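Features of the protein shown, as given by TrEMBL:
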type	residues	note
TRANSMEM	C:15-34	transmembrane segment
TRANSMEM	C:65-83	transmembrane segment
TRANSMEM	C:90-108	transmembrane segment
TRANSMEM	C:114-135	transmembrane segment
TRANSMEM	C:144-162	transmembrane segment
TRANSMEM	C:195-213	transmembrane segment
TRANSMEM	C:279-309	transmembrane segment
TRANSMEM	C:321-340	transmembrane segment
Amino acid sequence: MSEIVDILISASFWAAVLRIASPLIFATMGELICERAGVLNLGIEGIMVIGAFAGWIAVYAGLPLWGGVAVAMLSGMFFGLIHAVLTVPFGLSQHVVGIGITLLATSSAYYAYRLSLPEVSSPPRIEPFQPIDIPGLSDLPFVGPALFSQTPLTYFAFFTVLVVALVLYRTPLGLALRAVGENPSAVEAQGLSVTALRMGAVIVGSGLMAVGGAFLTISAFSSFFFEMVNGRGWICIALVVFGAWSPSRALLGALLFAAFDALQVRLQQTSYGTLVPYQVFLMIPYILSILALILMSRRANVPAALMTPYNRGER
Amino acid sequence: MTSETAAQGDPVLRLSGITKRFGALVANDGISFDLARGEVIALLGENGAGKTTLMNILFGHYSADAGSVEVFGQTLPPGQPGAALKAGVGMVHQHFTLADNMSVMDNILLGTEPLWRLGLGRRAARARVAALSRDFGLEVDPDETIAALSVGERQRVEILKALYRDAKILILDEPTAVLTPQETNALFLTLRKAVALGLSVIFISHKLHEVMAISSRVLVLRHGRLAGSVVAAETDRQKLAELMVGAEITPPAPSKATPGAPLLVLDRVATEPQGQRPGLHDVSLSLRAGQITGLAGVSGNGQGALADLLSGLALPTEGSLEIVGERVTGWSPRAAIAAGIGRIPEDRHRTGTIADFTLTENAILETYAQAPASRRGWMDWRAARERAEDIIAQYDVRCPGPQTRIRLLSGGNMQKLILGRVLQGNPRVIIANQPVRGLDIGAVTYVQNQLIKARDAGAAVLLISEDLDEILTLSDVIHVISEGRLSRGFPRGTMKPADLGQWMAGQGFDHAA
Amino acid sequence: MRLEAIENPTLARSLGLPVLALVATFMVGGFLAMLAGANPLLTFGLIVKGAVGSKFALLETLNRATPLIFTGLAVAVAFRAKLWNIGAEAQLYAGALVTILIGTKLALPGPLLIPLMGIGAMIAGGVVLLGPVLLKTRLGVDEVVTTLLFNFIMLLLISMLLEGPLKDPMGMGWPKSEAIPRNARLPRLVEGLRLHWGFGIAILSAVVVWVVQTRTTLGYEIRAVGLNAEAARFAGIPVGAVMVKTALLSGGLAALAGYSEVAGLKGNLTLDLSPGFGYTGIVVAMLALLNPLGVIVSAIFVAGIFVGADGMSRAAEVPTYIADILLACALLFMVLAILLTKFRVRKG
């Protein structure tokens with residue numbers, strides 16, 4: 001047990017928690033926006049892959065890092081647009097289209113990767129975002145190195161949660177978004193466009209998912225690998241449920257989840273690591289996600305119109 | 001083309017030559033009328049007469065193939081939802097358009113502010129909503145979530161939504177369908193206040209006496225055309241009814257019942273509430289052979305729980321359920337069917353049929369697992385088809401054939417298939433939940449007469465309806481349900497609508513039940 | 001815009017739109033080939049040649065189609081009941097695992113092992129899907145996410161076993177299992193041709209599923225539950241039990257893909273047994289409009305594109321991932337085309 005305590009009281013552990021949580025936060029917020037508007041976006045996994053690739057290749061091609069973030073976001077919004085068109089005005093099965101988008105976005109990223117770098121056996125590295133110390137705060141003992149010495153994208157992730165929460169609960173736009181996921185005819189009857197709100201939510205949400213993917217390549221790992229997203233998108237869908245469709249609770253879920261993930265990586269290096277096969281540790285995130293879904297199944301606050309397409313004038 | 005000019009002054013709303021086709025069907029055929037300031041007109045018509053299509057055109061959900069809508073002299077752009085709202089037209093839909101998980105305030109504010117700004121301006125809005133509530137007699141707690149409100153309160157929120165947007169013209173689509181007689185009176189009071197303040201009202205309904213009570217003019221729609229326009233004071237119910245259906249209508253008049261033994265008995269039964277639907281409390285009920293038992297009540301007061309219980313979908317948590325003297329244990333839909341309970345569900349689209357199944361497949365939905373439809377797990381499609389053909393012939397189901405998908409049928413024909421499916425099993429007990437809702441008058445009469453016929457043949461019929469007139473016409477004995485409690489039975493002719501309305505509002509239950 | 005149901009779609013509409021979907025797919029493919037600096041027509045020519053251009057190519061395509069028929073059937077059966085089984089990959093590996101366990105640990109004669117491995121695999125696949133389905137019917141947990149997550153858990157479990165108890169001591173350190181004995185392998189369908197009995201079992205399975213769906217009460221129940229679970233429950237169909245039966249059937253079919261790959265083709269179990277056959281099964285099923293017999297055709301078509309793209313990329317500078325893009329596009333275009341055969345788009 002003392003080994004676990006040692007891990008938990010080290011600042012580097014908590015710094016890692018924030019780092020691991022960052023891509024999950026972006027993508028979870030993206031999915032949350034889509035679902036609050038009533039659209040399940042199973043394209044998330046593929047959109048994270050395309051975001052990871054697009055952000056990285058843009059930086060590799062000479063764009064500044066924030067340019068990479070913007071390119072990643074645009075790539076995500078493009079696939080979000082496809083998902084939105086097929087599921088909102090055409091009202092196709094959100095399950096089937098979502099899986100299709102994941103297949104399409106993933107294979108597009110891989111194709112583009114092979115096309116742009118046909119010769120290489122291992123992907124080139126870029127210079128990723130570096131940690132920035134927040135003046136004053138980063139000098140605090142323990143808390144400083146743990147929380148205030150992160151890359152700009154991590155700070156941006158937390159800022160995103162704030163913005164999403166603010167928009168959802170403190171603006172007319174957020175009111176309309178929440179209403180459209182609950183009862184689209186309420187929105188239509190008040191003269192707003194269900195189609196525009198839902199499509200907008202899916203497109204913006206997909207952009208955020210792609211930034212989550214880009215975090216992996218231009219903030220965390222500095223390279224693009226196949227299968228680097230590795231189910232993170234699916235985990236984020238579980239996190240949205242776990243967070244009961246509330247931004248703050250989803251953030252909490254992402255942090256909790258990242259803490260377990262950071263812990264399992266460190267436990268592998270302890271005496272536990274020699275006792276238990278490493279695969280067991282790697283399974284923990286997926287098992288936790290399923291447990292989270294089971295735990296929240298009875299209490300979930302699911303938007304009433306989630307996965308229900310809306311055809312105008314039909315009641 | 002028929003036309004009708006307003007009584008006085010410039011019209012606030014003018015519809016000219018509205019025509020709308022859906023494929024071969026002409027839903028609206030050259031409809032024109034005017035609405036004056038401070039006027040209440042009633043739009044009367046059967047289901048399928050084109051009332052809803054007309055309103056959808058007015059609100060820009062559909063665009064008309066021909067014709068125009070003018071509000072205060074300005075022509076509305078076609079097919080733009082929101083244009084009518086901005087011009088000052090407010091609509092209270094029959095199916096409320098409220099987000100259940102949000103507060104009254106948020107529902108009222110929705111869409112009233114530009115989307116892209118910070119803050120919702122709840123404080124300033126609150127004062128206005130309070131003032132409107134007071135002026136129009138629309139009492140409701142602005143901070144309550146919609147889910148916690150009664151049906152009557154929800155309707156008040158809908159009216160407040162329109163008033164908050166400065167609506168000068170209020171359109172109410174079947175507003176009384178879900179109200180007690182007392183609540184209906186309160187609504188009429190509100191409407192009269194509105195008219196006194198200079199608003200104009202279009203009141204859509206198929207209830208003749210209400211139309212007579214509230215409106216100054218009555219426009220009658222039939223088969224998509226304006227069949228007539230009459231001054232309310234100069235007409236009577238019989239004339240309106242004839243205009244509406246194009247012929248004299250004879251409501252079913254059941255002969256005196258000869259009740260037999262109790263076939264289904266509930267003794268002090270309670271059930272779990274389901275989400276927002278209340279459960280049953282201490283309900284005792286006896287359905288006797290050869291008798292129609294009517295269940296009156298405002299929607300959402302436990303009718304669903306009772307229907308679910310008797311249909312086999314729910315189990316009692318307390319008390320007992322006996323069928324022909326035998327106490328029921330392993331209860332399920334299949335057990336209910338086997339016990340001789342015929343079930344006509346409330347929602348024929350969602351529960352009664354499977355839209356993408358053929359008539360044949362729908363006809364055997366309750367009997368597919370036994371001969372002749374199947375043997376040892378193997379379907380006998382020929383036998384299934386014969387059964388469907390029997391029902392089609394015997395119950396006058398108009399359709400291209402048994403292999404047609406049922407979604408292509410009208411509501412009336414769909415209901416006839418369900419009716420045939422139920423009656424072919426010769427049920428001892430029939431649970432008919434809203435059996436004629438949304439049907440045209442021909443189908444209504446057909447279904448009601450079939451229920452009477454089944455009664456005369458010795459079945460115990462439970463008729464659940466929100467339409468008090470229907471209950472009063474058909475029932476040999478009437479119970480009222482309110483918040484999951486059941487009144488004692490009132491024999492035919494012993495209660496006036498207003499008395500039943502008091503029970504529906506929950507009065508009289510305290511010690512009497 | 002608004003969608004309006006078409007009562008009686010014309011034949012031209014019913015057939016033309018799906019064809020148009022395939023044409024659109026190949027137009028995207030042509031564009032992608034041009035991006036790679038290749039001639040689109042030449043590229044497609046090479047794909048066709050690689051898929052069916054020789055006896056060897058054709059057999060390779062049929063071999064590749066075999067697991068896809070199984071996973072396609074698994075998805076088709078499940079989706080009919082609106083059971084969103086995205087976990088065919090996990091069920092495939094469960095089947096492969098049990099095939100290896102029975103084949104290498106039980107010292108029985110080959111003719112006995114062959115059916116035993118198949119039955120064991122089917123049970124394993126069914127059980128793997130049962131978990132998510134019970135979570136769905138009992139607790140309302142969405143099965144899409146749970147089946148997806150199970151894919152990752154299953155792969156890690158296999159990896160753990162292949163590096164632990166199941167590791168082949170002769171494997172020179174590679175994570176792979178021992179091979180099942182020669183006489184426990186699925187025999188060749190035709191002597192001398194590289195096509196094993198797995199293909200035959202796949203065709204047979206498709207026919208069986210088709211008969212179940214159209215001729216039995218179970219098939220009727222599955223369709224009723226899928227089209228309208230509420231009406232089905234009201235009519236007395238035991239929805240939960242139907243879901244469980246569907247899960248066992250679907251999981252079992254996906255597991256047969258693993259069984260046939262191990263017992264028919266590879267002989268042992270490795271971590272790259274399936275290059276996403278489970279996920280591709282979704283495309284196969286959707287292209288077949290969930291029709292079990294159509295699955296055979298669409299699986300061969302999909303396999304042809306994969307095998308053809310492999311051959312093509314050796315000759316032209318177009319990455320093989322073009323095949324995955326083509327299939328994703330085909331899926332999306334096809335669901336749209338099917339919708340437009342039933343509804344027309346109207347303004348206002």
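The backbone N, Cα and C atoms fix where each Cβ goes, glycine too.
Nobody curates TrEMBL annotations by hand; they come from automatic prediction.
The transmembrane segment (C:65-83) shares the most Cβ pairs under 8 Å with C:195-213, out of the stretches C:90-108, C:144-162, C:195-213. Annotation: stretch C:15-34 has the most Cβ pairs under 8 Å to the transmembrane segment (C:321-340), among C:15-34, C:114-135, C:144-162. For the transmembrane segment (C:90-108), the neighbouring stretch richest in Cβ pairs under 8 Å, chosen from C:15-34, C:114-135, C:195-213, is C:114-135. In terms of C-beta pairs under 8 Å, the stretch of C:15-34, C:114-135, C:195-213 lying closest in packing to the transmembrane segment (C:144-162) is C:114-135.
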